[in-house]
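Here is what TrEMBL records for this protein:
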TRANSMEM  63-85  transmembrane segment
DOMAIN    104-237  domain 'SLC41A/MgtE integral membrane'
TRANSMEM  148-169  transmembrane segment
TRANSMEM  181-206  transmembrane segment
TRANSMEM  218-238  transmembrane segment
TRANSMEM  250-271  transmembrane segment
TRANSMEM  283-302  transmembrane segment
DOMAIN    316-459  domain 'SLC41A/MgtE integral membrane'
TRANSMEM  372-393  transmembrane segment
TRANSMEM  399-423  transmembrane segment
TRANSMEM  444-466  transmembrane segment
């Protein structure tokens, strides 16, 4: 093993900056080769265990390819969710229980928050070599699925209560069967969808590691490939089923809801036995609860937008999902970088104020800025492909509006640019506050994506309405 003096000499040979741990800084993209530095990082790490760092520098081409293909697959899923939501607005469930529309962004956002946070956490663990053995993989599967189940139950219950309060404040009456049914729909949807998707995320992280693909690039977009459609389908399925006989089955629904809520205690006990997931149980609630509130605000905006512009439902999951997916990739990569080269509470390079500069997001001569530019550019062809898919399946191309396309692409790019800027600062701020960005940055960022998407899409339709735009003729 090299001495400390030899290690510092080695580090200075690679960089002239200063590292908070050993008086030298590691630029993004450089990986340590010394066992001594690895041992220092282990001693201050959130993720315990022997590290297996990889030193291969990722090219721009490989990053773009690995990210864009899952992004396209995710976009197809989001477009499918938009088509399904547009159809479902005319079905009995959403007509009789219109406040469930507020739950749509909240539950889709919850899925995004939990699954993308899980994907980021697993990507960091995989890149640190902490998921290489079967024992590590099994431990990661059990503890992380248990954690996500506990989070899904608690947050979906909170989302239902927030929706009910909003519905009551609007002047609607209070009916016990209505409250129990809506709460059960929310919790049951979150439990089933999260169980399926969290298991899938663990498998993706393990497979990506084995085939030498960076999980940071593919795990978060793949979390949304089937996530939106799956969650929305379960919401409509359970909603239709529960709403049909809610008066007759009120007692059964109440008991079932109580069992689901009680099971969260069991899931928490299982998750608490793992160091990593136990830390999330202790300190990871604020971010996902804040994300739920922000997403619910976006849902309230969407509910109002849908009354005035029914076509909003077609495009809402897409614009919300694109921004969330792209910023989640960047947040996951920044978190991995901080865990590899930083000490909790101390940034590996630069001061926090450096990342408050919006120009640094896209114009700095670092890999992070280059990747931000690539992600921003991805949203334009991505949105075009997804819009064409929606028009091909649901809207006649004779109704295609180029002004709508232009405005939609502009607000889509604005949304992604703002999220990437927030990401570079928020991730470092959370790290400086000695919290794990894997668990706290993505929930807030994806929720902001939902809120921005709802507001910006309303702006697009409001501008078009000034030119007597009557909306698209939907052929169901």
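Think of each number as a place in line: the chain as shown, counted from 1.
From the backbone N, Cα and C atoms, a Cβ is placed for every residue, glycine too.
Among residues of the same chain six or more beyond the transmembrane segment (63-85), those with a C-beta under 8 A of the stretch's C-beta atoms are 104, 108, 213-214, 217-218, 221-229, 232-233, 236, 313-318, 320-322, 325-326, 329, 371, 374-375, 378, 382, 385-386, 389-390, 393-394. Listed by sequence, the residues of this chain that lie at least six past the ends of the transmembrane segment (250-271) yet keep a Cβ under 8 A from its Cβ atoms are 142-144, 146-147, 149-150, 153-154, 157, 176-177, 180-181, 183-184, 187-188, 191, 242, 277-278, 280-281. Long-range Cβ contacts of the transmembrane segment (181-206) within its own chain (Cβ-Cβ under 8 Å, at least 6 residues beyond either end) map to 97, 99-100, 103, 107, 110-111, 114-115, 118-119, 122-123, 125-126, 131, 137, 140-141, 144-145, 148-149, 151-153, 155-157, 159-161, 163-164, 215, 218-219, 222-223, 226-227, 230-231, 234-235, 238-239, 242-243, 246, 253, 256-257, 260-261. For the transmembrane segment (399-423), the partner stretch with the highest count of Cβ pairs under 8 angstroms, out of 148-169, 283-302, 372-393, 444-466, is 444-466. For the transmembrane segment (283-302), the partner stretch with the highest count of Cβ pairs under 8 angstroms, out of 148-169, 372-393, 444-466, is 444-466. Broken down by DSSP into helix, strand and coil, the domain 'SLC41A/MgtE integral membrane' (316-459) contains 122 helix, 3 strand, 19 coil.
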